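Engineer: Questions regarding the structure given below will be posed in turn.
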Amino acid sequence: MSKFVFVTGGVVSSIGKGIVAASLGRLLKSRGYSVSILKLDPYLNVDPGTMSPFQHGEVFVTEDGAETDLDLGHYERFTDTAMTRLNSVTTGSIYQAVINKERRGSYNGGTVQVIPHITGEIRERIHRVASNSNADIVITEIGGTVGDIESLPFLEAIREFKNDVNKNDVTYIHVTLLPYIKTSGEIKTKPTQHSVKELRSIGIQPDLLVCRSDKEINDSLKRKLSGFCGVNLNCVIEALDADSIYSVPLSLKKEGLCKETLRCLDLEDKECDLESWEKIIHNLRNPGNPIKVALVGKYIELGDAYLSVVEALRHACIEQKAFLDLHWVSAEMIEEKSAEEYLHDVDAIVVPGGFGNRGVNGKIASIKFAREKKIPFLGLCLGMQCAVIEWARNVVQLPGASSSELDPESENPVIHLLPEQEDIVDLGGTMRLGVYPCRLQKNTTGKELYNEDVIYERHRHRYEFNNFYKQIFVDSGYKISGTSPDGRLVELIELVNHPYFLACQYHPEFLSRPGKPHPLFKGLIKASREKLEQSK
């Protein structure tokens, strides 16, 4: 039977609850416990699939095709465990489920209310994750901040949850901020005291406090927090600002987070094996020469819009013992000026996914520059589509070559809408989503990198390579190195006579892990490093 840990946040938003939950998951897994992590998001969207990246950051896609919060990416990367659509819950999805049940008559004519129906649905979702995953411990992160109106149903639900299970099967962790007041030279505990008071007023007494701070928390402050907040002294956990999110599990282990959590859950504190994780941190803190990577995107004002891409690059650099020198390049600025101006001194170019016309010509210009100047290049999703358009326009010289998404009247739509998408009107959850197989062709870079005949990658797209032009591309020197098993969909393309030029329709960044970088990103960094060494 599963045990349950609930992670709440206080004082300010974006305090790092997701990293704390993911780090605890890593620590528990290193002790031999199986873990699943669930995110409860208080917004009314059914999922983040239709939200602007500027509003929400990236949309993380699970194996079973759910469009979820980026925190699920942290959960997967830290625990190396695949999450499912059950691991992402929003207020919108809860209300949708309850209203659908009411329409079906499932409540036998009763008045549908927040309590017990909404809170009951939330509790049911948590139990469902436990039964589906068979995890020893289910960690649930509650989005938002204690005191927010929109979070109240979730907080009430996790209060009620303690009545569903045995007393020692539930633990509450509260992540909070201890601000440092520069003028007085003091760390203030009052905001945390008020946050815990607010949590208690709901009926939740936290078992552990994880205290974010940029200054060390002395024993006197810990005793003060212990006394005012009713938390065991050993359960006041210091969480100092870290040089990398990947060092957080080691810091929290030192502070005893996992040990105290297991004590609260009445579970054995088994021997901890973090040797591989410590090696990752060692390589991260002792990098070799820098690799200057340009990420050419349209949402670069918010780095979280490309979070998994950046982490995948970082994983590859850690494994290759290189320093990631990441340069954010606006595709629109390239349109205004030139690719040469922004990319003349980079070692690699990555063009990630996206939607719509804005910045596309800048991406295409970047790809042309990478192709002609022999700069290692990796295109992802829309990045592959732009690579196809670039080749069609500048090498094959097809008049008006484009994508039917970008130009519905194009006389040469080398990228077109998937046939099964033609009658779909709704936007949310209707793309080609989740894991699909891809068969790799012999004697290709793709086959060499993966060393597999069939791979499984995650997708999120409506448009695809137009097979009407396949032979034209092959005859002109393009290699189609990966397709769907039936050969109908082009999944991976590459160029010969180039140090590294690959583009894929899928999202390989979602499968990259610290210590296990994705082959395409590993290949990109390796090719960049080798090209640098040859130029010396």
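Cβ coordinates come from backbone N, Cα and C, glycine included.
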Engineer: Among LYS224, LYS253, LYS254, which residue does Swiss-Prot name as a further UTP binder in the site formed by SER13, LYS188, THR189, LYS190, PRO191, THR192, GLN193?
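Structural biologist: That UTP site, as Swiss-Prot gives it, pairs SER13, LYS188, THR189, LYS190, PRO191, THR192, GLN193 with LYS224.
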Engineer: Say Swiss-Prot lists SER14, ILE15, GLY16, LYS17, GLY18, ILE19 as binding ATP: which of ASP71, ASP80, ASP136 is in the same site, per that record?
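Structural biologist: Only hit among ASP71, ASP80, ASP136 in Swiss-Prot's ATP site, alongside SER14, ILE15, GLY16, LYS17, GLY18, ILE19: ASP71.
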Engineer: Which of GLY354, GLY515, GLY523 does Swiss-Prot put in the same L-glutamine site as LEU382, GLY383, MET384, GLN385, GLU405, ARG462?
Structural biologist: GLY354
Engineer: Counting across all protein chains shown, how many other Cβ atoms sit within 10 Å of the Cβ of MET384 (L-glutamine binding site)?
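Structural biologist: Counting Cβ neighbours of MET384 (L-glutamine binding site) within 10 Å gives 27.
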Engineer: Between 0 and 100, where does the mean pLDDT of the domain 'Glutamine amidotransferase type-1' (292-534) sit?
Structural biologist: 92
Engineer: Over all shown protein chains, what is the count of other CB atoms within 10 A of the CB belonging to GLY16 (ATP binding site)?
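Structural biologist: Other Cβ atoms within 10 Å of GLY16 (ATP binding site): 20.
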Engineer: How many other Cβ atoms are found within 10 Å of the Cβ atom of GLN385 (L-glutamine binding site), counting all protein chains shown?
Structural biologist: 28
Engineer: At the level of the C-alpha atoms, what whole-angstrom distance separates ILE149 (CTP binding site) and HIS507 (active site)?
Structural biologist: 36
